[in-house]
Amino acid sequence: MEKTSLKLVFLFSLTVIALCLSLSAAREMAKEEVNCIGGHCPDGKKDCNCLPLIAPTMDIYETNESCRTDNECIKYCPKGCKIVDCNFGTCLCEYC
């Protein structure tokens, strides 16, 4: 009986220690998540790892212009598009 109760106390102690360690690790992760607000360090914070905000790029631009060949779409797509296609009668401009 005494060996069983010692094993239970030991097991309970290990469980409590593991729980405390996991809670402290979760608290540290929560602190790191709020370092950057809007891509900048909040006031009072010195060591932030804020990455610059990147503007989204438009990969595909679909016009409402009808077409029969790819060459017809060149005049409707913005300059600098790498791929200009006539796709099922609609001009598609890609990688602009």
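Cβ coordinates come from backbone N, Cα and C, glycine included.
The record in Swiss-Prot pairs CYS77 in a disulfide bond with CYS93, which is drawn from CYS50, CYS91, CYS93, CYS96.
Among CYS73, CYS81, CYS96, the cysteine that Swiss-Prot records as disulfide-bonded to CYS91 is CYS73. Of the listed cysteines CYS41, CYS48, CYS86, Swiss-Prot assigns the disulfide bond with CYS67 to CYS86. Secondary structure at CYS93 (disulfide bond), taken from DSSP and collapsed to helix, strand or coil, is strand. The least crowded of the disulfide-bonded residues CYS67, CYS86, CYS91, CYS93, judged by other CB atoms within 10 A of its own CB, is CYS86.
On its own chain, CYS77 (disulfide bond) has TYR61, THR63, VAL84, CYS91, CYS93, CYS96 as residues at least 6 apart in sequence with a Cβ closer than 8 Å to its own Cβ. Under DSSP, CYS77 (disulfide bond) is assigned to coil, being neither helix nor strand in the three-state scheme.
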